[in-house]
Structure formats: C-alpha cells, structure tokens
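Enquirer: First the structure, which I've put down as structure tokens, then a few questions once you've had a look.
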Amino acid sequence: MSAPIGVVGGGAWGTALAQVAAGAGHAVRLWAREADVVAGINDIRENAAFLPGIELSRAIEATQDWSALADARAILIVTPAQHMRAVLGHLRDHTAPLILCSKGIEAGTLLPLHEVARQAVPGAPIAVLSGPTFAHEVAAGLPTAVTLAAEDADLAADLAALVAQPTFRPYASTDVIGAEIGGAVKNVLAIACGVVDGAGLGQNARAALIARGFAEMTRFGLARGARAETLAGLSGLGDLVLTSSSTSSRNFSLGRGIGAGTPAAALLENRRTVAEGAHTAPVLREAAAQASVDMPITEAVCALLEGAPVTATIDRLLSRPLRTEA
Ligand SMILES: NC(=O)C1=CN([C@@H]2O[C@H](COP(=O)(O)OP(=O)(O)OC[C@H]3O[C@@H](n4cnc5c(N)ncnc54)[C@H](O)[C@@H]3O)[C@@H](O)[C@H]2O)C=CC1
Ligand SMILES: O=C(CO)COP(=O)(O)O
C-alpha cells in the first residue's frame, strides 16, 4: 500500500477533502482538533459536528496524534486561516508537499497563507487548492473543478493527479498568489452580497455588487502579483459566483443576517463554524491601504462588522463620486 494522504483539520472542508482523497484510492489520515470528531469518524463514519449526514469512507482514519502524519506523501492543510501558523508549528520538520486549502490572509503580518506556510515549514514544497467547493456537495460526490497551484508546474500537475476524480477536477496552475487572493477576497464580497439580499435591495443590486466586487478583487490581486486569468478562473470569479448567491455559504448567510438587521457581533458570537470573510475583511482593508488599492466594498463590509448601521453604510457606498468603469 502506498503512503497515506494527510489532512489537517476536521471541519466540513477537511472532512470532505478526506473523502475525496479516499475516493481517489488513498489511505487517509485526518488530524482533527476535537476528540468527538475523531471518535465519530472512526466509530460511526460520520463527522456529526461539521459535516452531518455524509457516510465517510473506511479508508479515512481520524487521529489527534501528529506522528500519524509522519509518513504522509502529501498533506492537505484545512484549518481556519488565522490558526494556520500555530497548527503548522506541529509539522515544522516535514518535507512532504503541503496543499493549503484554507481561504484568508494572516492578520498582523498581512501575509498570504503560502508565505505563512513557507516560514512555518521551510522544508516542504507548498501548493494551494481553491475553487467553488461547498463541502457538503463535494462530500456527496457532486461534480466541481478547482485550481491547484504551485510555483513548480510539475508539482502542481502531480498533486492534481493525486487528488483528481471524475467529479473533482483540479486544473493545475503556477499562480499561487492568484489562487489564494481569489478565495480570500470572495469571502468578504459574499458577506456584502448577503447584506444586499437581507436588506431586500434586489437582484440587480446583487449582480452590480458581484461585478464591482470582482473589479475590486482584480485591482487588489494585480497589485499583489496575481494573474488576471487566475482571478477570472475557478478560484476567483468561479468561487465568487458560488458564494455570493447561496445561503449554503456561511459568509453570505452572515451578511444576510446583518442586512436583515441583526448586529454582526450577535451573529458571530459563539459560532462553531467559521465565516472566514469576517476575519479577512479588516486584514484585507489594511493590505489594500498598504498597496494603495481602493476597495470600497471591503471597507463597507468592515464598517458593518464593526457595527455601523446598514442603511447609512449602503447610502455611503451609493453616493461615491461617479467614475469610469475601467
Ligand atoms: N466549508 C467549505 O465549504 C469550505 C471551506 N473552505 C475553507 O476551509 C477552511 C476551514 O473551513 P471548514 O472546514 O469549513 O471549517 P468548519 O467551520 O467546518 O469548522 C471549524 C474548524 O475550525 C477549527 N478550529 C477552531 N478553532 C481552532 C483553533 N484554535 N485551532 C485550530 N483549528 C481550530 C475546528 O477544529 C474546525 O475544524 C476555511 O479557511 C474555509 O474558508 C474552503 C472551501 C470550502
Ligand atoms: O469557500 C466556500 C465554497 O467555495 C465555502 O464558502 P463559505 O465559507 O462562505 O461557506
């Protein structure tokens, strides 16, 4: 039997990706933080806390023991973005490729996650997997496609082949920063689209917001070295279209609640699942200011998360001076 695939993170997405890797024929070791998640996967083949209702493959072995990942041929990293550096500290001496599947930018350093991983695990080649992928659909075997990016084109192609299935199609890329920025920014834009929905502003407004949001993503991405075609691909526009129009998105749902009048703080209090956009928004605002990129939608989302009134925030966005579209 060949070496197993490792997965770090027993949330919805880590569990769904473990199911994908098992479906591609691999033994899978899934490191999870919660004892109840480990017991549920090993004993009744279900992650009831984060991915209920999906029967998990017997090829997945859950563990809380880091040494179980020692012989992994590749490790998928699927923790919330702001915990990634701490979690990677446990893998410091690993040399197997790490595939980062989280979406965000590190607070404080403003670093994209592949640079965090490079610092934390200096001997490991780094790749990024990102795209339109609601965990419950992927785990149920419904089809999708993702971007799998690594600076080394051969590594990207090898890792894509490692996890591919007919219903899970990775497209290899060498644009690592592009794949990361799309996923991070779309979560913030999904909150904004949820606000428009919750406030009852209509479908035209949401379409306009998606288009102007994509312009915002593109400005920021290009300033940080991303390629335009990556931003217009699966990990950028593809994921933006998905999450900006569905209540299956935690970020969209958070925005919808805010738009309907519930304070953001109340919606964020005591949640067990992660809405990454709420963590990314203030970091993105700071990174945009540092790069001198105008991101009015991101600023509006930050204001709403900080408790600004919905109507006044939307009025401010709509009363910006008229400008050219380009
Ligand atoms: N759920 C989805 O459909 C998708 C999620 N992602 C990304 O994957 C990443 C993980 O999200 P999900 O699996 O959905 O999470 P989740 O919301 O299902 O579960 C929360 C996760 O956070 C972990 N966690 C909480 N506190 C922690 C700490 N102090 N240290 C380490 N881990 C901690 C929990 O162990 C659990 O794994 C996020 O960056 C998300 O944006 C990406 C694509 C799809
Ligand atoms: O990233 C996702 C789908 O690609 C999941 O979106 P949410 O985190 O908003 O649920």
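Backbone N, Cα and C atoms are what each Cβ position is placed from, and that goes for glycine too.
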Enquirer: For the sn-glycerol 3-phosphate site that TrEMBL assigns to LYS103, GLY131, THR133, LYS186, SER249, ARG250, ASN251, which of the candidates ASP175, ASP239 is also assigned?
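Expert: It is ASP239, as the record lists it for that site.
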Enquirer: Using DSSP and collapsing to three states, where does ARG33 (NADPH binding site) fall: helix, strand or coil?
Expert: coil
Enquirer: Using a Cβ cut-off of under 6 Å to any atom of ligand 2, determine which of the binding-site residues TRP13, THR133, ASP239, SER249, ARG250, ASN251 qualify.
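Expert: THR133, ASP239, SER249, ARG250, ASN251, by Cβ distance under 6 Å.
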Enquirer: What binding-site residues in GLY131, THR133, LYS186, ASP239 place CB under 6 Å from ligand 1?
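Expert: Among GLY131, THR133, LYS186, ASP239, near ligand 1: THR133.
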Enquirer: Going by DSSP, how much of the domain 'Glycerol-3-phosphate dehydrogenase NAD-dependent C-terminal' (175-307) is helix, how much is strand and how much is coil, in residues?
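Expert: Counting residues per DSSP class in the domain 'Glycerol-3-phosphate dehydrogenase NAD-dependent C-terminal' (175-307), I get 98 helix, 0 strand, 35 coil.
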Enquirer: Cα-Cα separation of ASP239 (sn-glycerol 3-phosphate binding site) and ARG33 (NADPH binding site), in Å?
Expert: 27
Enquirer: Near LYS103 (NADPH binding site), which residues of its chain come within a Cβ-Cβ distance under 8 Å, counting only those 6 or more away in sequence?
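Expert: Listed in sequence order, they are ALA81, SER130, GLU180, GLY183, ALA184, LYS186, ASN187, GLU276, THR280.
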